[in-house]
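A.B. asks: Below you'll find the structure I mean.
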């Protein structure tokens, strides 16, 4: 597991600061995602973020199993896997079955972190995205959170999420940054981060990339982050925005 971790949860489970995201629109081809995950593990990534919505749980699980069989890691315990409760399952009586489906798809016994994907519900069985207006429902937070806690009691989720950064910090809960590099290429994405003149100036002065500066800032703010690369070739490109996990943390920026 990456040396840079944050303790999360009451049992101080260690979460690697940097995670590899698996969301893409359209979803990546399974063989591409598997190859990317294996390359990421070789480079030191140990935290992987997925969701039923991303349609990447199955290839991610296959890649993690292959990593063990290839000897890239000794066991699943070296990994930190995050998945999420989708809106259509954010109802009383549906939360535990939802995490059980995710575990079956991933071929894992437990998740290190299980999150509520979005703070809204949709009609059960309605998995279409974007969520249609007629399918959107207010969430019964008390019931859904109670069932999230049941997932933790059952041991199928080591940790579950909370909100509000300062409250999280006071309670020893780690916040994860969303779209730390701007999610370029996604319909919700932006180029403002990677094309920021200020970040480019800092990166040039420090001999780093814009991505390294952005992610280092998030780290120094005390949050973890998820980055996403579909093509593993970008990892090893001299011009690529993402370097090895070790290279990212060689001194304060």
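Quick reminder: no glycine exception, Cβ is built from N, Cα and C everywhere.
All TrEMBL annotations are machine predictions without curation.
Relevant sequence annotations retrieved from TrEMBL are reproduced here:
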ACT_SITE  54  active site, proton donor
BINDING   117  substrate binding site
DOMAIN    20-161  domain 'NADP-dependent oxidoreductase'
SIGNAL    1-19  signal peptide
SITE      84  site 'Lowers pKa of active site Tyr'
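Mind running through what each feature is packed against?
C.D. replies: Note: residue 54 (active site, proton donor) has non-local neighbours 22, 23, 24, 27, i.e. same-chain residues 6+ apart with C-beta under 8 A of its own C-beta.
Reduced to three states, the DSSP call for residue 117 (substrate binding site) is coil. Sequence-distant contacts of residue 117 (substrate binding site), defined by Cβ-Cβ distance under 8 angstroms and a gap of at least six in the same chain, are 51, 53, 84, 85, 86, 87, 90.
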A.B. asks: Indicate whether residue 84 (site 'Lowers pKa of active site Tyr') is helix, strand or coil by DSSP.
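C.D. replies: Going by the DSSP assignment, residue 84 (site 'Lowers pKa of active site Tyr') falls within a strand, counted as strand.
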A.B. asks: What does DSSP call residue 54 (active site, proton donor) in the simple three-state scheme?
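C.D. replies: Note: residue 54 (active site, proton donor) is helical by DSSP.
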